[in-house]
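Okay, so here's the structure we're looking at.
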Amino acid sequence: MNPYAKLTFSLSLVLGTVITISSNHWVAAWTGLEINTLAIIPLISKSHHPRAIEAAIKYFLVQAAASTLLLFSSMINAWHTGQWDITQLNHPTSSLLLTTAIAMKLGLVPFHFWFPEVLQGSPLITALLLSTVMKFPPISILFLTSHSLNPTLLATMAIASAALGGWMGLNQTQIRKVLAFSSISHLGWMSIVLIYNPKLTLATFYIYCIMTGAIFLSLNTTKSFKLSTMMISWTKTPVLNTTLMMTLLSLAGLPPLTGFLPKWLIIQELSKQEMAAPATIIAILSLLSLFFYLRLAYYSTITLPPNPTNLMKQWYTNKPANTLIATLSSMSTLLLPLSPMILALI
């Protein structure tokens, strides 16, 4: 892709995100979401592979439908209340339509079908953008409207997302699909606590972005797309694979790593709100995700040559250290001792 075109699309992504998260008018937020959608589509389809083109078309159709629903929801609310302010979402039908639209944009169950396919058809860096940056504007809209949403609906979608994200990831061999189902599962954790503590949802999203960024950038360095190629990447970058294993375990939510912090705080918040049953269910469902994270960690580090694989062994290459990966990996594993400071910020 032409560097100037890539720069234009990247700046458009930043512009669309900033417009949406800084707006208090529904039309401005919708405009930002549309700019984001149109900017990411060329980045998905830049390889011109049939799978990439298919992913771009699926992404466009789903996002267009979700944007239409969001605009329809805001128009119904404006019709009944005379308000275009995002925080004044008072009509129940508008609230239901908005929840549906944002669930489609994020990939929450039952509107999750497009997400693994689109991620599988995208390059790793674009998949990273789809998993992190593209989810920020919809989550910021949920943050602003959290007081108006239906708690039963959100809790049901959250538990279903945690269950399906864990269950469907068990049988995958493509790493991008595994990380897509991981994202769906984490969105379930963010949604279940949204109404009771919106700031905790945002903090969980930030920590998830740090961990996912470290994983995608590490995979992009070793060019690992499948479990079979992950098995032989140790010979190429042993230190990077070790940090990748730690980051995967952190994403699974194991103490004493960073990923344990949001899950601990969410279960604590749900217990305070007398939601012990949903907290227990979602904690048990996280064991499903733990299995495939452990499998990825096992393939990345513990499975060493000689191993049964049809792929050519990679030569060890002494590449210069990537500061961004080092920073994100450190934050993904070592932030738990700083939890009092993080709690003070929340």
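Backbone N, Cα and C atoms are what each Cβ position is placed from, and that goes for glycine too.
Taken from TrEMBL, the feature domain 'NADH:quinone oxidoreductase/Mrp antiporter transmembrane' applies to 23-288.
The domain 'NADH dehydrogenase subunit 2 C-terminal' feature in TrEMBL is assigned to 290-343.
Counting only same-chain residues 6+ beyond the ends of the signal peptide (1-23), those with a CB under 8 A from a CB of the stretch are 29, 31-40, 42-43, 46, 86, 129, 133-134, 136-137, 140-141. For 1-23, the entry in TrEMBL reads signal peptide.
The transmembrane segment feature in TrEMBL is assigned to 56-76 (among others). Below 8 angstroms of C-beta separation, residues 26-27, 29-30, 33-34, 37, 40-41, 44-45, 84, 89, 91, 93-95, 97-98, 100-102, 104-105, 111, 114, 117-118, 121, 130, 141 of the same chain, each at least six residues beyond the ends of the transmembrane segment (56-76), sit close to that stretch.
Same-chain residues lying 6+ beyond the ends of the transmembrane segment (96-115) with a Cβ under 8 Å from its Cβ atoms: 33, 58-59, 62-63, 65-67, 69-70, 72-74, 76, 89, 130, 135, 138-139, 141-142, 145, 149-150, 153-154, 157-158, 160-161, 163-165, 180, 183-184, 187-188, 191. What TrEMBL records for 96-115 (among others) is transmembrane segment.
The transmembrane segment annotation in TrEMBL covers 152-171 (among others).
Residues or ranges marked as transmembrane segment in TrEMBL: 178-196 (among others).
What TrEMBL records for 202-219 (among others) is transmembrane segment.
The transmembrane segment annotation in TrEMBL covers 239-257 (among others). Using a Cβ-Cβ cut-off under 8 Å and counting only residues 6 or more beyond its ends in the same chain, the transmembrane segment (239-257) has close neighbours at 182, 208, 211-212, 214-215, 218-219, 221-222, 233, 263-264, 286, 289-290, 293-294, 296-297, 300-302, 325-326, 329, 332-333, 336.
Taken from TrEMBL, the feature transmembrane segment covers 277-300 (among others). A Cβ distance under 8 Å defines the sequence-distant neighbours of the transmembrane segment (277-300), meaning residues of its chain 6+ beyond its ends; these are 155, 158-159, 162-163, 165-167, 169-170, 172, 175, 178, 181-182, 185, 188-189, 192, 227, 230-231, 233-234, 241, 244-245, 248-249, 251-254, 263, 266-267, 270-271.
Outside the transmembrane segment (321-345) by six or more residues, the chain places 203, 207, 210-211, 213-214, 217-218, 221, 240, 243-244, 246-247, 250-251, 255-261, 265 with a CB less than 8 A from a CB of the stretch. Annotated transmembrane segment per TrEMBL: 321-345 (among others), in sequence order.
Looking just at the domain 'NADH dehydrogenase subunit 2 C-terminal' (290-343), the mean pLDDT is 76.
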